[in-house]
């Protein structure tokens, strides 16, 4: 091997891992800078300036969420016929359901094994106010009925900034009597937008040539979105550094919180690690028969971004970019990932299961096999209803605690360390979407190979460190297949 070949290979390795290396360096730098600023005197001006790049980065990601979700789903579903759409959707939801259930079972098993619940924790953290807990009277049925209303919105435009929810309000002059009503809550109704996008793209596919001009426009907009993402992606290390730094500064007594709830944090961390390092890799290897850790390295920037921004939704633009870099068919990645951001919450199911058992142990509440089954099924169900936003799972935890007779006020203890646990479980959610796309692409190989291309453009993906051109892919050639392998 001559020197030119060695140089070429070194360049290939550096260019293919530049984003991962930069993101990790940014995360470590942000953490160290945060500790340094905490140690020395810092004023509000310095704190604002340090956190400003991260704030702008988050705003840019949030700006792209809705356009990317809607356009990607329309472009992906319009490129497949209705039969293929149905099969892929069924496989996607079945995979998400089974992996979430497996994570819930893993969380229960680890909580039983590690026994993180200790009544002394309540005494150590008595200064934490329970006033931050929102009293929720909604039942599991209410949440599922609300999900149905969100899936079928009555106004697609209002879905961009509000969603229907069931609320209970106290009767005037009554102590424990509530009136039930349907209200709206501020926030994007992502499930409704996904349903509309899938329906719109499916009927575009049915109309074929009649809808071809509109399909070309949608695909062009999708390419513009991806080009925007490919430019924004290189700001990730700076955004990650700023976000982590400001979070470290905001925590007043990190050591005390860590030591008080150390066993709970360790239990969550072990569960996240087992599923990421063993569970996901085994699933990938069993179904694809390829090196799973090469894929893991390729999608790791999405996980690190999810950890920093604390939201699988906000990390979705980065996730889609990683999917393109590792060679996943865009018809699958643009179909599976946006759905996964809403419905696939592996880390959330694991966390809710551990938290439920933890609170029961802390209050010396005995749990039988029926209680554990209730926790597992309920954790899987509520994880699907959890929004891809920071600390969203804690708002649904009371549903499970009510089912097992555990006190709701103890959720306040988890708010103390949820800033860390939420970031850990978000990495599971993000990576779960990535592995789901890879496995479902493998399961759908026959349908994709038989699916005619509905565009006159050249369908290829070319990704390098500076530029990405993305369109819907065709059946991979021999050279592309070797590259993917």
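Backbone N, Cα and C atoms are what each Cβ position is placed from, and that goes for glycine too.
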Which of these ranges is annotated transmembrane segment in TrEMBL: 295-315, 421-441, 442-462, 463-483?
295-315
Stretch carrying transmembrane segment according to TrEMBL (options 153-178, 335-360):
335-360
Near the transmembrane segment (190-207), which same-chain residues lie under 8 Å Cβ to Cβ, leaving out any that are not at least 6 residues past its ends?
66, 69-71, 73-82, 85, 89, 147, 150-153, 156, 159-160, 163, 214-215, 218, 313, 338-339, 341-342, 387-388, 454
The transmembrane segment (57-80): which same-chain residues, six or more beyond its ends, come within Cβ distance under 8 Å?
88, 160, 188, 190, 193-194, 196-198, 200-202, 204-205, 211, 215, 218-219, 221-222, 225, 228-229, 232, 235-236, 238-240, 242-243, 309, 313-318, 320, 330-335, 337-339, 341, 447, 451, 453-455, 472
Which sequence-distant residues neighbour the transmembrane segment (295-315)? Criterion: at least 6 residues beyond either end, Cβ under 8 Å.
17, 19-20, 23-24, 26-27, 30, 54, 57-58, 61-62, 65, 190, 233, 236, 239-240, 243-244, 276, 280-281, 284, 321-323, 325-326, 340-341, 345, 387-390, 419, 422-424, 426-427, 429-431, 433-435, 438
State the residues, same chain only, that lie 6 or more residues beyond the ends of the transmembrane segment (335-360) and have a CB under 8 A from a CB inside it; answer 'none' if no residue qualifies.
68-69, 72-73, 76-77, 80, 88-89, 92-93, 96, 99-101, 103-108, 110-112, 116-117, 190-191, 194, 197, 264, 267-268, 271-272, 275, 312-313, 316, 319-320, 323, 367, 371-372, 375-376, 379-380, 382-384, 386, 388, 392-393, 396-397, 400-401, 404, 406-407, 410-411, 414, 421, 424-429, 432-434, 436-437, 440
Stretch among 92-114, 228-249, 261-288 sharing the most Cβ pairs under 8 Å with the transmembrane segment (18-37):
228-249
Can you tell me which parts of the same chain pack against the transmembrane segment (261-288), counting only residues 6+ beyond its ends and a CB-CB cutoff under 8 A?
102-103, 106-107, 110-111, 114-116, 118, 121, 125, 295-296, 346-347, 350-351, 354-355, 358, 413-414, 416-417, 420-421, 424-425, 427-428, 431-432, 435, 438-439, 442-443
Hey, which bits of the same chain come close to the transmembrane segment (92-114), Cβ under 8 Å, at least six residues off its ends?
263, 266-267, 270-271, 274-275, 279, 335-336, 339-340, 343-347, 349-354, 357-358, 361, 372, 375-377, 379-380, 383-384, 428, 432, 436, 439-440
